[in-house]
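Peer 1: Structure below; questions to follow.
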Amino acid sequence: NIMLAGCANSGRVAESERLFHEIPKKSSVTWSALLSAYCKIGCEYESFRLLYEMQREGYKPSQFTLGSILRLCSINGLLHRAQQLHCYAVKACFDSDVFVVSALIDVYAKCLCIAEAAYLFDSITEGRNHVTWTAMINGYSLNGDSPRAIQCFAAMRAESVDANQYTFPGVLASCGAVSDHDFGRQVHGCILRGGFAANVFVRSALVDMYSKCGDLRSASKTTEETDFDDDPISYNALIHGCVKQGDPTRALSLFKTMHSKGMELDEFTYPSAINSLAVTKDAMNGGSIHALVLKSGFEGHTLVCNALIDMHSKHRNLDGAFKLFDSLVGKDLISWTSLVTGCALNAFHEEALELFCEMRKDGNGTIQPDAITVSSCLSSCAELALLNLGQQVQANYSVKSGLETRLSVNNSLVSLYGHCGASEQARRVFDSMEDKNVVSWTALIMGYAQNGEGWKSLQLYREMTASGVKPDFITFIGLLFACGHAGLVERGRYYFNSMAKDYGITPCSDHYACMVDLLGRSGKLDEAEELIDRMSIEPDAAIWKSLLGACRIHGNVDLAKKAAAKLSALEPRDSVAYVMLANMCVSSGKWQDAALIRSQMKSRGIVKEPGRSWLEVKGTIHTFVSEDRMHPEAEAIFSKVDEMLVRIEGAGYSPDTSFVLHDIDGDDDGKKLDLAHHSEKLAVAFGILRLPPEAPIRVYKNIRVCGDCHSAMKFVSDAYRRHIVLRDSNRFHHFRNGDCSCGDYW
């Protein structure tokens, strides 16, 4: 029996089996020794077969036999088997044995049955040892109940039970999970007094705890106090901590140190280093680390591949991200989320939504989206103005999955409704939120600004600052946009100056573009030009587009030519400068100049983006262009347009032929016909035909709405008693009862 136990403990199963069969007179010790050998190497079938044979031969398993096989159940997650053994322990009166109960606590905790584990722990009235306490502490930690794990450790110390190297990692992980830095330091004191600081698992747990608590200094000091050079686990913990605490430079430095020392880089080392490169957007070193991953054979590991997908997405290399994703065999939620988020980040919104739908089908719906996935999906719906799809995502994956309380999801919902012209619904979501951050407030400020409710943006900003939330640079973009579209020049100046003076935010090109737009719309073109001249940064295309747009409003052709020249130099393939300048020439009757500009466009191979309008009806997107007769219901649509024009002309509408951009010979009839069939008029006519009378007609256009269509929509909204929501490239226009939310200041 002693020889058999020795072979079993050293893992020599074959010799254990030979000795077992050679022993002429077996005892329960003999059977338990061989069973222990099977359990040590994880042989489930052989272990339970031997247990049944042992009982059939009339030998009663001891508490040590049960302990061995329960440990196997714990490692392999065999809950049902453990429950059977628990029943046997009760029948055999082992349910009060500390050794057996400790093993049962461990298996229940690791099978995520923490209530059963706690019941057993509480049933031990006396004789709890460090094994029992350790099983319970690690059980709470594993099941995410960090506060109870900490309380359990404190109770253990109060009963003067000493912890060991198996106890400390569990309680330290719990301290890190809830950022309980003070208690973690006390545990560190226990470790030092107990002489466990040199243990690699304890040390790595300490580094991880300090890192998660934001104390990188103590994490580094912990490694310096011990022999850190050959400890990849502690290195991994410190690198991960640096990434989490926003210090990617140091994380990469530690990674390079590991690599230069020839230390083992594993599936836990690479993701943290890759995440650091994703944050720093270092594409060159990103390619190098990808090559290193390939060389070391870790590309097939899901954790590593997920990190690479995320990195390439953030480096705007979606082709590389898709190749990695397609090659990955075991895709999990993070794999899908990384690519969905990457597509949304790179403005590939249709692809993001297609991936989201594919994810739901993958594995027969076993992969459930989390808050990050849903937020990215809602953001893509917002950018594509797919309100109905966004509401379906909200209903199916936010409300039903219990994600409606998650801050990121609610922020995306506020943004969705704001982007789709439903500011009232955006406000309802905002008011229902228990927690709000600067993103929440900014999303609604932007939503009001885009929907022509600038005064609400300013009021909300006052509420935001009164609540103690500090604005960020995006908040001020929303405020300046609101002021620009409401003609609030002095308020705009105040906010622009307040950025640096009150909050230390240096204006970027977006802020300057908003200020140029604000000044230009109000007719202060000279002041707008002066602002550009004294900018601390080089003006970009957005700034010159803002000035060019202001010149178009006020007919300043000379300044427009200057702005167009600057814009063309920055973006020579962009048609905006040519088109806007040509349209200004047309408006002032300079047809030859307009023709010359269009000829230049043609000779340089620059193509104007055609104006398109679209709306969603019963889940289908219907797109229209000017004079579009390709729609299946074109006859009914054109008939409805004719009817609309008759009704609104009777109410006082007169076509403004100055917005005809082609030199049409003959009288005004040809020009009026050209205006009548603009894409937005066709879309609204189709909406009247197919949408219920109480439903808003939501039309989206890729370029700025023309002045004649803007005037016509006001009459149509009054004549048909419809709420028409028209979003062009600049903003939303809400037409109700003959009025527009922009107040004709657009």
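Every residue gets a Cβ built from N, Cα and C, even glycine.
Residues or ranges marked as domain 'DYW' by TrEMBL: 652-746. The repeat 'PPR' feature in TrEMBL is assigned to 27-61, 129-163, 231-265, 332-366, 437-471, 574-608.
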Peer 1: According to DSSP, how is the repeat 'PPR' (231-265) divided among helix, strand and coil residues?
Peer 2: 26 helix, 0 strand, 9 coil
Peer 1: Please work out the helix, strand and coil residue numbers for the repeat 'PPR' (574-608) from the DSSP assignment.
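Peer 2: Each residue of the repeat 'PPR' (574-608) counted once, the result is 25 helix, 0 strand, 10 coil.
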Peer 1: Hey, which bits of the same chain come close to the repeat 'PPR' (574-608), Cβ under 8 Å, at least six residues off its ends?
Peer 2: 541, 544-545, 548-549, 551-552, 555, 557, 560-561, 563-565, 567-568, 658-661, 663
Peer 1: If we skip the immediate neighbours and take only residues 6+ beyond the ends of the repeat 'PPR' (129-163), which ones have a Cβ under 8 Å from one of its Cβ atoms?
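Peer 2: That would be 98-99, 101-103, 105-106, 108-110, 112, 114, 117-118, 121, 169-171, 173-175, 177-178, 180, 183, 187, 190, 194.
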Peer 1: Work out, from DSSP, the number of helix, strand and coil residues along the repeat 'PPR' (437-471).
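Peer 2: Tallying H, G and I as helix, E and B as strand, the rest coil: 26 helix, 0 strand, 9 coil.
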